[in-house]
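Per Swiss-Prot, the features are as follows:
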| type | residues | note |
| --- | --- | --- |
| TRANSMEM | 3-23 | transmembrane segment |
| TRANSMEM | 34-54 | transmembrane segment |
| TRANSMEM | 73-93 | transmembrane segment |
| TRANSMEM | 107-127 | transmembrane segment |
| TRANSMEM | 184-204 | transmembrane segment |
| TRANSMEM | 225-245 | transmembrane segment |
| TRANSMEM | 263-283 | transmembrane segment |
| TRANSMEM | 347-367 | transmembrane segment |
| TRANSMEM | 371-391 | transmembrane segment |
| TRANSMEM | 395-415 | transmembrane segment |
Amino acid sequence: MNTLLVGINVAVMLILVGVLYYMQRKHVSFNKRVFTALGVGILFGLILQFIYEPTSKVIIESNTWFGLIGNGYVKLLQMIVMPLILVSIISAFTKLQLTKNLGKISGLIIGILILTTGIAAAVGIAASAGFDVSATGLQQGDAESARLKLVEERFTSIEKTTIPDKLLELLPTNPFLDLTGARPTSTISVVIFAAFIGIAFIGVKRKYPEQAELFKKMLDAVYAIVMRMVTLILRLTPYGVLALMAKTVAGSDINAILKLGNFVLASYVALIVMFIIHLLLIALSGLNPIQYLKKVFPVLTFAFTSRSSAGAMPLNIEAQKEKLGISEGIANFAASFGVSIGQNGCAGIYPAMLAMMVAPTVGIDPLQPQFILTLIAVVAISSFGVAGVGGGATFAALIVLSTMNLPIGIVALVISVEPLIDMGRTALNVSGSMTAGLISSKWLGELDQDTYNQDDTKTGEIAS
């Protein structure tokens, strides 16, 4: 019987995929197809929630099949992320206008990312205090116990590592290993490796311009191929969003969410407030924040459903260049740095809120100014090297909690609402990187304001 029901669910999913394909054949815009997929995915997931239990075998098996589309799409994006970072960063160095302001551009982008992460930590602290979020009374079930075991294993490798050692881990000892994403800090290690190649290119360009020009032409060819691969993968975005949203909604435990409702509410209030701060920073830079919101919404939608900052990177770069008018070099830097440095959601708000929740359980007053200032500083510093894939928030939280000498068990106790909160965190991460790129480009006079201010006519070109 279960097999029949699973077959029906999968058949409905395939019909919905067929509808999206029909819309594509009728040249319906990319935005409309993505939003249609988002809405239909939520509706389908809610229907499955109503008919079955989230933990039922039918839902579990159906979600496994849905994952072929949703998770398969995310894996394709993750497949291209490391090559894209490597080629994008090196390509940024080969742009003449970038080499003149290299230190200023990279410093400004990183500075904005770290600053906004510190602000995000303060927002998370305020939300925790305002909603009186506490770890008291949280119960540990089977899922939490299993998660706690994994967290403790991961903590063992982090606990004995000092802050200088953590910073040393950012340096790539084997760049080819890091290109596989084998370490939590692999992303930023690839960024550093690519930056060294770029700096070497600048030196070669001064002494041996012919060899440098040959390298540049080869790199341009590789970059064109990588971006073509990105385009091919991005065509699948509506289908991926449909499956991911249906899977997430269908598998969500409503009862568990209600038990941690205060934490979920406080988290989303903090995320929304921080997103508004992004818009305020854009407005203070002399740009229309509504225009920004309209142009990046499809990217944020995908980040929300996929829960992968790294997976959203191709869309991130494309949106910065084609929609916001950000120069290619700055867009490449901002997107690449943004998946490993200063993630406002995963490395900012989340660790700060967990620290505020657990501090009273060990006799610490979380509202003491000294504790708050120390926590903000630790969060900002610890935001270096957080992976832009699943588990990055856990890694950031473990570093912050261990540095503050706080219990790490809280990380496991909120597992039931982790997927729900992670969607919002990821969207904020991506918004933070695009905000850093936009503000940097504006301040350095490299923003094409005509592109930024014009109506969004290029949306469909992302998947063309």
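Glycine residues also receive a Cβ, built from the backbone N, Cα and C atoms like all the rest.
Keep in mind that what you see is a predicted model, and the values were worked out from it rather than measured.
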If you count CB pairs under 8 A between the transmembrane segment (34-54) and each of 3-23, 73-93, 184-204, the winner is 3-23
Of the listed stretches 3-23, 107-127, 184-204, 263-283, the one with the highest count of C-beta pairs below 8 angstroms to the transmembrane segment (73-93) is 184-204
Tertiary contacts of the transmembrane segment (263-283), defined by C-beta under 8 angstroms and 6+ residue spacing from its ends, are 116, 119-120, 123-124, 126-128, 130-131, 133, 257, 289, 292-293, 344-345, 348-350, 353, 357, 414, 417, 420-421, 424-425, 427-428, 431-432, 435, 438-439
Per the Cβ under 8 Å criterion, with at least 6 residues separating them from its ends, the transmembrane segment (184-204) contacts 81-82, 85-90, 92-94, 99, 102, 106, 169-172, 175, 177-178, 211-212, 215-216, 310, 336-337, 339-341, 384-388, 391-392, 395
